[in-house]
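**Student:** Before I ask anything, here is the structure I am working with.
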Amino acid sequence: MGLNSCLGGTTMQTLRLVTIPASSSPSRFAFRHLNFLSLHNSSRRPPLTLLVRALSASAVQAASATETADGKVVKPQWKAAIDFKWIRDNKDAVAVNIKNRNSNADLELVLRLYDKLSNLQKEVEQLRGERNVVANKMKGKIEPLERQKLIDEGKNLKEGLMTLEEDLLKLTDELQQEAQSIPNMTHPDVPIGGEDCSTVRKMVGSPREFSFPVKDHVQLGKELDILDFDSAAEVSGSKFYYLKNEAVMLELGLINWTLFEVMKRGFMPLTTPEIVRSSIVEKCGFQPRGTNTQVYSIEGTDQCLIGTAEIPVGGIHMDSILTESLLPLKYVALSHCFRTEAGAAGTATRGLYRVHQFSKVEMFILCRPEESDLYHEELIQIEEDIFSALGLHYKTLDMASVDLGAPAYRKFDVEAWMPGLGRYGEISSASNCTDYQSRRLGIRYRPSEPSSSQPKKVKGNLPPTKFVHTLNATACAVPRMIVSLLENYQQEDGSVIIPEPLRPFVGGLEVIAPKSR
């Protein structure tokens, strides 16, 4: 399930929703030496000790804080490796893409800032050249009067250069902030328009026919004594819940079974930090805005709670150069997720369907650019295999352009039939983000050999680095999976059957039966 913004709170203080500024500054991150144990069916997985730390633009920026006249230290906007020349040369296509995605990005402003920056850079280089000429003249034997003239000229050049460099830094920050709101380009097969324009790729199964009145998961959960929304509302507020009795086993069973199924396909399991720096959220392409942010921020810090494990997993290899032999890197991550769900209300979001905190198993892949379409298909196939094994009726959608979100080049959603709610509900999504996130996170790889289109080698006979492509997909969003299972497997006597694949993971439990009074 996609995330559109972030969650907030305070360290040992009351959680309070605040907007993360787009200019949140990055911090230096220590080299991560990852040492994982061997896992079942993971023979293809190479060791990660070959990871090389790179000094990327964002790392340089972190060290380039400036001091204002009033003594305040201001850190520059973090820098993404955006290809501004490509944007300028393809401005018509970029403009159409912005319109198709209903984005508020200001392309004309970005292009004006880029031209202004290019001209300013030329002025700076010219002034630096003049300063060097003056410095060279002073190395020889010259008359005192001529020397003083050169000293005065050098001083003037230095002061002028300092002013221009300050303007250059401010302009660079402004350009970055504006350009980072430009969404990723869109796959040519993506339908254009809003969510209603999305097309069905696949329909699996058909709605179950019931010979008795159907209950929704809220009623089933109360009667089976496995869900408690009322107590959670008193303790935490609306859109929180307690899982009780068999529902606890069902959550743990879903997580373990899903991990087992995904690990069999060569994915490395992770648990992740659930608090990250706000700059990481931004680098993954999520841009909190105004009162509708989905992000819980921690007041007084540059940190926030994650809305999806995609964010901390994407950060593992930030500012790194990977060797090509490591790719693809496949992760399956378990985390809690926190979302404000700002603006969500009504019967369509009741119960477990839309909540502030939930457990989720997320898949994440880093791969070579030419392979990302292939791995996108692999991710959606894994999702479909999981839902088919559980006997769910679902449809897979190729989501329309407006519903993609800024990072996604293409996104497939899976919607399962939820008879108690009387509609299809999203239970999963799979997105190909191409190099949108890696350009912001600074994740590259070095090819083993140069490509035919780029035969030239660089320093040390090494081919130039390339940005990896990143993909993410939901393997199991626990609350919505519980909704689907309770409502589809309910029986006339009020019990709920546990699907066969899950039974070994819930202690052999076959049925959740009403409690005897």
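Cβ atoms here come from the backbone N, Cα and C positions, even for glycine.
No curator has checked TrEMBL annotations; they are predicted automatically.
Sharing the features that TrEMBL gives for it:
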- T308, R339, E362, N472: L-serine binding site (BINDING)
- R339, T340, E341, V355, H356, Q357, F358, E426, I427, S428, S429: ATP binding site (BINDING)
- 110-181: coiled coil (COILED)
- 264-499: domain 'Aminoacyl-transfer RNA synthetases class-II family profile' (DOMAIN)
- T474: site 'Important for serine binding' (SITE)
**Student:** Using Cα-Cα distances with a 10 Å cut-off, which of the recorded positions I427, S429, T474 are near T308 (L-serine binding site)?
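**Tutor:** The recorded positions close to T308 (L-serine binding site) (Cα within 10 Å), listed in sequence order, are T474.
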**Student:** If we check Cα distances from I427 (ATP binding site), which of the recorded positions R339, E362, N472, T474 wins as closest?
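**Tutor:** Checking each of R339, E362, N472, T474 against I427 (ATP binding site), the shortest Cα distance is to T474.
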**Student:** Using a 10 Å radius around its CB, how many other CB atoms surround E362 (L-serine binding site)?
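**Tutor:** Around E362 (L-serine binding site), other Cβ atoms within 10 Å: 26.
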**Student:** How many Å separate the Cα atoms of E341 (ATP binding site) and N472 (L-serine binding site)?
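**Tutor:** Between the alpha carbons of E341 (ATP binding site) and N472 (L-serine binding site) there are 21 Å.
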**Student:** Spatially speaking, which of the recorded positions R339, E362, N472, T474 is closest to H356 (ATP binding site)? Use C-alpha to C-alpha, please.
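**Tutor:** With Cα distances computed to H356 (ATP binding site), the winner among R339, E362, N472, T474 is R339.
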**Student:** Measuring Cα to Cα, how many Å separate E362 (L-serine binding site) from T474 (site 'Important for serine binding')?
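**Tutor:** Rounded to a whole number, the Cα-Cα distance is 5 Å.
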**Student:** Check each residue in the chain of F358 (ATP binding site) that is at least six apart in sequence and keep those whose C-beta is under 8 Å from its C-beta; list them in sequence order.
**Tutor:** H336, C337, A477, V478, P479
**Student:** If you count other C-beta atoms within 10 angstroms, which of the binding-site residues R339, H356 is the most crowded?
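**Tutor:** The largest 10 Å Cβ neighbour count belongs to R339.
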**Student:** When you look at T308, R339, E362, N472, which the record names as binding L-serine, what is the longest CA to CA distance in angstrom?
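**Tutor:** The widest Cα-Cα gap among those binding residues is 18 Å.
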**Student:** Would you mind reading off the Cα separation of T474 (site 'Important for serine binding') from R339 (L-serine binding site), to the nearest angstrom?
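**Tutor:** Pair distance, Cα basis, whole Å: 16 Å.
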**Student:** If you average the pLDDT over the domain 'Aminoacyl-transfer RNA synthetases class-II family profile' (264-499), what number do you get?
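**Tutor:** 91, rounded to a whole number.
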**Student:** List the Cα distance (Å, whole number) between S429 (ATP binding site) and N472 (L-serine binding site).
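**Tutor:** The separation of the Cα atoms works out to 8 Å.
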**Student:** Is it possible to get the count of other C-beta atoms within 10 angstroms of the C-beta of S429 (ATP binding site)?
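**Tutor:** Looking across every protein chain shown, the total is 25.
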